[in-house]
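Enquirer: Got these off TrEMBL a minute ago, pasting:
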DOMAIN    7-407  domain 'Enolpyruvate transferase'
BINDING   K22, N23  phosphoenolpyruvate binding site
BINDING   R92, R121, P122, I123, D124, L125, D306, I328  UDP-N-acetyl-alpha-D-glucosamine binding site
ACT_SITE  C116  active site, proton donor
MOD_RES   C116  2-(S-cysteinyl)pyruvic acid O-phosphothioketal
Amino acid sequence: MRKIVINGGRSLKGRVTVSGAKNSVVALIPAIILADGIVTLDGVPAISDVDSLIDIMETMGATVTRQGETLEIDPRGVQDMPMPFGKINSLRASYYFYGSLLGRFGQAVVGLPGGCDLGPRPIDLHLKAFEAMGARVTYEGQNMRLSTEGQRIHGAHIYMDTVSVGATINTILAAVKAEGRTVIENAAREPEIIDVATLLNNMGARIRGAGTDIITIDGVENLHGTRHQVIPDRIEAGTYIALAAAVGEGIQIDNVLYEHLESYIAKLEEMGVRMTVSEDAVFVEKQDKLKAVSIKTSPYPGFATDLQQPITPLLLKATGSGYITDTIYEKRVGHVQELANLGADIQTRGNRIAYKGPSHLRGTAVKATDLRAGAAMVIAGLMAEGRTEITNIEFILRGYSNIIEKLTELGADIQLVEE
Ligand code: EPZ
């Protein structure tokens, strides 16, 4: 097993560039199955989720060429076959193969999704949409089979009981080549949904309303190849902004779309974080006094659930006390005990997290309990006095490209070592 070792307490400075969005690219790659030509993606992040998806695509018969951040995929060799279960289980976003295989072949046999342990992560809304569009769902061992039994998948009017990024995107994937019109009400509005719709529309799809809570898709016969630039990763950006405020003395984060982070930046300003937001970058000064605030996550454009863990070490620097309530994943608290082990005054109380700052953190052995909890461990380790060792770091490498190189560049004393 590998671990990350940090000698903390140092001030960092310089510039860091945000990579392409993980939560976009994990949908863009499966979406390419729907094309009858070559699709090229630019700005693809160097993360292990992408490696896993490339493996799956090649196993299914696609031809994939990767040059740096550019991925060229020819999906014309993709066969309608059961998905390779092992790889499927490694990432939750494998569920996007349901929608794209259903959209292309009218059937899909896919292993049940894996991913971070954030408590139960159902896919009932995905299945409800597919059934409304004419697919039948059956289970074969650990695989799930979706099939329209030879009929063409057809459009439907779908109301999402819960706002769901995955169910919204998966329904779009199944609908773009379906017979007739699909309407999704109470759709999620995340920027990644707009990115997927942009790719599909550039392939010839007819999607309107992505980014709003009502999305209309008129099915077409064919989708052709195209070239597409992946949007910047707003969660990676938010993570580096929190890190810069926690341990930086002047850090510029490049490739940031302010409109993707409005609620997050507003919360940082409420804390008194001094930063300059420009067209596509954020400059964060060295901070002195910060004020404790409370946070409540909500679907986009609210405060992102994926950022409540990375911002928490920064909250621990602030003076005062506050609460963090994750309304989307109540159990997204794996980082709390680990932060307490570093000396933080933080605990879960019922369905929320209570903290009191400022906390003086001292390095020790901690573990990443999930992807964004791992990011919180890295920031806390940079803040803590002495040596911090983080295990279970495969989670971190799933969503943060070149994190060791990026932090070393900023002056951090951080290594990835074999245990
Ligand atoms: C996406 O997950 C992201 N992952 C998550 O980021 C993110 O936390 C989440 O959206 C919320 O923003 C990817 O995009 C790959 P949801 P997803 O469906 O689509 C419930 C990260 O750190 N729900 O929007 O799986 C669900 O339990 C990851 O990058 C159902 O009840 O999330 C949750 O409470 C972690 N039934 C809420 O909806 C369903 O069928 C939102 O989940 C689907 C979801």
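Just so you know, glycine gets a Cβ as well, placed from its N, Cα and C.
What TrEMBL says about a protein is an automatic prediction, not a curated fact.
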Enquirer: Whole-number answer please: how many Å between the C-alpha atoms of L125 (UDP-N-acetyl-alpha-D-glucosamine binding site) and N23 (phosphoenolpyruvate binding site)?
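Expert: L125 (UDP-N-acetyl-alpha-D-glucosamine binding site) and N23 (phosphoenolpyruvate binding site) have their Cα atoms 18 Å apart.
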Enquirer: In this predicted model, what is the average pLDDT of the domain 'Enolpyruvate transferase' (7-407)?
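Expert: Averaged over the domain 'Enolpyruvate transferase' (7-407), per-residue pLDDT gives 94.
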Enquirer: So which of the binding-site residues is most packed in, judged by how many other Cβ atoms lie within 10 Å of its Cβ, out of D124, D306?
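Expert: Selected residue: D306.
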Enquirer: Would you kindly give the Cα-Cα distance separating D124 (UDP-N-acetyl-alpha-D-glucosamine binding site) and N23 (phosphoenolpyruvate binding site), rounded to the nearest Å?
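Expert: That separation, Cα to Cα, works out to 20 Å.
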Enquirer: Could you check the binding-site residues L125, I328 and say which one's CB has the most other CB atoms within 10 Å?
Expert: L125
Enquirer: Work through the binding-site residues one by one (K22, N23, P122, I123) and point out the residue whose CB has the fewest other CB atoms within 10 angstroms.
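Expert: Relative to the other binding-site residues in K22, N23, P122, I123, P122 has the fewest Cβ atoms within 10 Å.
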Enquirer: Going by DSSP, is I123 (UDP-N-acetyl-alpha-D-glucosamine binding site) sitting in a helix, a strand, or coil?
Expert: coil
Enquirer: Tell me whether I328 (UDP-N-acetyl-alpha-D-glucosamine binding site) sits in a helix, a strand or coil according to DSSP.
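Expert: In three-state terms, I328 (UDP-N-acetyl-alpha-D-glucosamine binding site) counts as coil.
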Enquirer: Kindly assign K22 (phosphoenolpyruvate binding site) to one of the three DSSP-derived states: helix, strand or coil.
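Expert: DSSP call for K22 (phosphoenolpyruvate binding site): helix.
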Enquirer: What's the CA to CA span in angstrom from D306 (UDP-N-acetyl-alpha-D-glucosamine binding site) over to K22 (phosphoenolpyruvate binding site)?
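Expert: About 12 Å separate the Cα atoms of these two residues.
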